[in-house]
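Over in TrEMBL, the protein carries these features:
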| type | residues | note |
| --- | --- | --- |
| ACT_SITE | His149 | active site, proton acceptor |
| BINDING | Asp107, Gly157, Tyr311 | substrate binding site |
| BINDING | Asp184, His186, Asp272 | divalent metal cation binding site |
| COMPBIAS | 397-406 | compositional bias 'Acidic residues' |
| COMPBIAS | 422-442 | compositional bias 'Basic and acidic residues' |
| COMPBIAS | 453-474 | compositional bias 'Basic and acidic residues' |
| DOMAIN | 36-324 | domain 'Histone deacetylase' |
| REGION | 383-474 | region 'Disordered' |
Amino acid sequence: MESGGNSLSSGPDGVKRKVSYFYDPEVGNYYYGQGHPMKPHRIRMTHALLAHYGLLQHMQVLKPTPARDRDLCKFHADDYVNFLRAITPETQQDQLRQLKRFNVGEDCPVFDGLYSFCQTYAGGSVAGALKLNQGGSDIAINWAGGLHHAKKCEASGFCYVNDIVLAILELLKVHERVLYVDIDIHHGDGVEEAFYTTDRVMTVSFHKFGDYFPGTGDIRDIGYGKGKYYSLNVPLDDGIDDESYQSLFKPIIGKVMEIFRPGAVILQCGADSLSGDRLGCFNLSIKGHAECLRFMRSFNVPLLLVGGGGYTIRNVARCWCYETGVALGIELDDKMPQHEYYEYFGPDYTLHVAPSNMENKNSRQLLEEIRAKLLENLSKLQHAPSVPFQERPPDTELPEADEDQNDGDKRWEPDSDVESDDDRKPLPSRVKREYIEPECKDPVSNMMAIDEPCIKVEQNDSNKPSDQHIEMNL
């Protein structure tokens, strides 16, 4: 087993990395429904930009094998996975009780091919983790992944299956410690909750906090039991800009890397933290967002990049294209090449867009207080915890095939709501909304069961709703 913090064979930061890119040409065909802000079509737009910027030729392009039922059940409950596999738009009216039980219906609608979509995006993240475990890549990319809100027994916030948790479980088969960093505007609640009581996974989430979905992610939520101080939450306010964001990101992540010394890192690159996002309220530029990736890459630790939120889809494609270039060490021309989705990017047809002049509500004093508190929490950790590790579990068996870059995937249907990307009006009920206290549920409904864990229930008097966590015997 590898110890934490190993350097990669590719050498110092200036040297090119070996990058594997996972993409299924069918992913852009899935459709959440009219008016829904989550549009898998953005993954196809990103892929088209990568192709026309010439980046695909610098990566190993792979079509991931869909995750199987048993792969998904390594985290999710069997009955929840069975429900996702069976439910269809035609049968949902006969399953109203189950829909409510599993939180499927509004933010997380039933649509044609729902289960195949889950298998596709989860398969890409698990395959990326496997590629890193096998030493086949320095960086693996799955822009279709990053659906960080999904819980063990329920969908949440447009997310059905938590591909990140599944990828972390795969990485833990080889690495003693795994770091998860989340720069989506929404708190990475599903991932944090899954690993809240272990010291083998550290979760760090930078997010909008206060009257904002999902309502969790208070700075006082720090982990529990063996996991105490292994959850870091960076609560931010509206309008944060590049400079303010990096004044927190770099010192916090720098200290995390020094103390925790992970063997692998997952960076969730949710693009709803960009300026002008349809559901977001931050003011990051694409270069400012990508600076987080540039910094993570500099540590030369195996890195899995996944997508996440992002609802102004032309900017999502811009961002993930540019960040693929950063992963490869290739700077891209701001002038966008002609391609099949060129008209989405008018009138400027450039890769970068200027941030707005919105007010930054994050004062220097507030930022300094957050930074000081989190660095204080990190100082309470011992360097690189020693974790007993017996027999390595077998790798997930996911064969992969080189993706034909000239695939004949269908073009986006002309009746898709291209224009709605510009529509910044308030949306109907199918959007992430302010947090509402959930009904009391089965006390083990959100637990991750691994090797008959001992269930712990944290009594927390902070703003975070009462969640259940587990002690993982990994």
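Using N, Cα and C of the backbone, Cβ positions are placed for all residues, glycine too.
Where TrEMBL records a feature, it is marked here on the structure.
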residue : record                             : contacts (Cβ under 8 Å, 6+ apart)
His149  : active site, proton acceptor       : Ser156, Gly157, Phe158, Cys159, Asn162, His186, Gly188, Asp189, Gly190, Pro214
Asp184  : divalent metal cation binding site : Gly146, His148, His207, Gln268, Cys269, Gly270, Asp272, Ser273, Gly308, Gly309
Tyr311  : substrate binding site             : Pro37, Met38, Lys39, Asp272, Asp277, Arg278, Leu279, Gly280
Express the predicted model's confidence over the domain 'Histone deacetylase' (36-324) as a mean pLDDT, rounded to an integer.
98
Residues Asp107, Gly157, Tyr311 [recorded substrate binders]: greatest CA to CA distance in Å:
14
By a simple count, how many Cβ atoms lie within 10 Å of the Cβ of His186 (divalent metal cation binding site), its own Cβ left out?
29
Would you count the other CB atoms within 10 A of the CB of Gly157 (substrate binding site), including those on all shown protein chains?
23
